[in-house]
Amino acid sequence: MDFQHNGSNSPSLANTCYSNNAARRSALNFSRPLPQQLQATEPQGLNINRPRPPVGSPVVSPSHSPGPWGRDPSSPYSMRYANEQVQRPVSRLTVPRTRPGPRPDSVISITPADLPGISHYQPMSYGQLKEIRRVAERSKGDRFPSLPEEQGEFCSEPPDGGFMAWAHAASGFFITFNTLGLNMAFGVFQAYYSKVLLRTSSPSKIAWIGSFQIFANFGLFLLVGLLTSKGYFKLCFRGGAVSLMVTILLTGFCKEWWQFFLVQGVLMGCSMGLVFTSAVTVTTTYFSTNLGIATALAAVGSSFGGVIHPLIFNYSIHKVGFGWTLRIILLVNIITMIFPLIIIRERPGVARSYSSTMDWTMFKDVSYLLMAAGMFFSFWGVYFGFYFISLFGQDVLNMTSQMSLNLLIAMNTCNMLGRLIPGIISDACLGPLNTVIPFVFVSATFIFSWIGVDSVTSIYLTGCFYGFAAAAIQSLYLPTVFSFMGSSRNNSPSRVGLVFILIALATLTGAPIGGRLVTLGKGSYLYAQLFAGISLTLATALFIAARYVKHGWKSDKL
């Protein structure tokens, strides 16, 4: 920073500001305490001992055109100045000193080299200008602390509560209702396609539609996260929302398997990925300690969608047909997306830092790798029950289509409760990984108990308990990943991205493998049930190993 002045033997800037400008600082709310990250007394990477410019230096740097303060030195630092700065790009920010004072024409000139953490080539908000002013006024003499470079663009701590934070969590409920919730209802599409529209296609082939849909939802994390960090959040979120609505409409016109796979599997899945990932990326910036509850609240929406969409399908399919049933689902989608489209936005003051460099150290972190492998095996087996339980009821227990649909609805209703309760337990006492481990083990237990089901009552009990237990991994996978990142949470998207890629691959192949095993078993579900149960058991063992490597057997919250 260059301190420019017209005169000599003048008092320091700090003394002048503190002694003569209390009223104006109070009016602009300059007197409140500094954020913790701005309370440094020494600048980082800045030569604070360089000599002052000679007497007679220009009042305003030549690279910056004089503002109203240059023409009239008595002009105070006003809201008009801040508004003017918001409306134009800033290449060299010049903050005038307030009047009165013995050196009214002194200015603090801030260049990109001085504050690398602030974008000097984009319009600045009034809050950013106010923070820069506060840093300069709180400094002593010519020592001006700069913002830490790792904080990004005016980065501040997450509010972890408040209206906007919880409004984003509520918006996440509607987002997952229309994305993962529609995928959770794929069991009813699987049964209908197998019995009516695609009777010549095998269960495994039909399952590829739903599995690719959720694969695209998770697999686009890195791409959408990068686009969001580059300032394309609105394009991803709103464009994805419109694309999702269009693909729901087009699904109603499909007749062949390849048409369903292309529209409902590929295009709808990519649309879900744009909406879901961009919303999750923004919503997580509002929470820290309450992230588990926030994600659980948002995850409840997917279970709620898994209940509402089958109900709509059931009561519409026999009255208006398949095409108009999808149009009714589209209408529900439009209505429920209004609130998120109004509320969800990037949090002011958050860093847009998204490193494209691979974090190779994650491959040396054994506990992280064990956790990532556990995520793969848990998602490899968890969706088989949701996709095939209705078909099992019709094929093995001779249930009617209405009864099998009611079974799926009951299962997703219990899944809704299971998504909220583990999130509360996680934040309150145990932590996400400690919460996930017993729930995944219980899920494996009920998958194995499914092998002995031989009545309608037993399938209802098994389905409901499994739906409740399996919800933990579906709602706490993101907080679990964050618990293994530590201080690298803000600068290592590759760690989250690797887990999302593994989850995407697991969801892509899990259900089709289960369907193929049903075909190889000539209608018997035994091999598929063993596949799902063993996958969840391996996931439990890997999670326990990850916890032991990271913390041993200590009773720490993790």
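Including glycine, each Cβ sits where the backbone N, Cα and C put it.
Nobody curates TrEMBL annotations by hand; they come from automatic prediction.
The feature compositional bias 'Low complexity' is assigned by TrEMBL to 57-68. According to TrEMBL, the region 'Disordered' annotation covers 42-76. Summarising the annotation, TrEMBL assigns transmembrane segment to 173-194, 206-228, 235-253, 259-279, 291-312, 324-345, 366-389, 433-453, 459-484, 496-514, 526-549.
In terms of C-beta pairs under 8 Å, the stretch of 173-194, 206-228, 433-453, 496-514 lying closest in packing to the transmembrane segment (526-549) is 433-453. At the 8 Å Cβ cutoff, the transmembrane segment (173-194) and the transmembrane segment (324-345) share at least 3 close pairs (sequence separation 6 or more) and count as touching. Between the transmembrane segment (291-312) and the transmembrane segment (496-514), fewer than three CB pairs separated by 6 or more residues in sequence fall under 8 Å, so the two stretches do not touch. With respect to Cβ pairs under 8 Å, the transmembrane segment (496-514) is most closely packed against 206-228, considering the stretches 206-228, 259-279, 324-345, 433-453. As a quick check, the transmembrane segment (459-484) and the transmembrane segment (259-279) miss the bar of 3 or more Cβ pairs under 8 A, pairs 6 or more apart, so the two do not touch. With pairs at least 6 apart in sequence, the transmembrane segment (433-453) and the transmembrane segment (259-279) have fewer than 3 Cβ pairs within the 8 Å limit; the two do not touch. Note on the transmembrane segment (206-228): residues 179-180, 183, 186, 189-190, 193-194, 198, 235-236, 257, 260-261, 264-266, 268-270, 272-274, 276-278, 281-282, 354, 356, 383, 387-388, 493, 496-497, 500-501, 503-505, 507-512, 514-515 of its chain, located 6 or more positions outside it, place their CB under 8 angstroms from a CB of the stretch. By the Cβ criterion (distance under 8 Å, sequence gap of 6 or more), the transmembrane segment (324-345) is not counted as touching the transmembrane segment (366-389), fewer than 3 such pairs being found.
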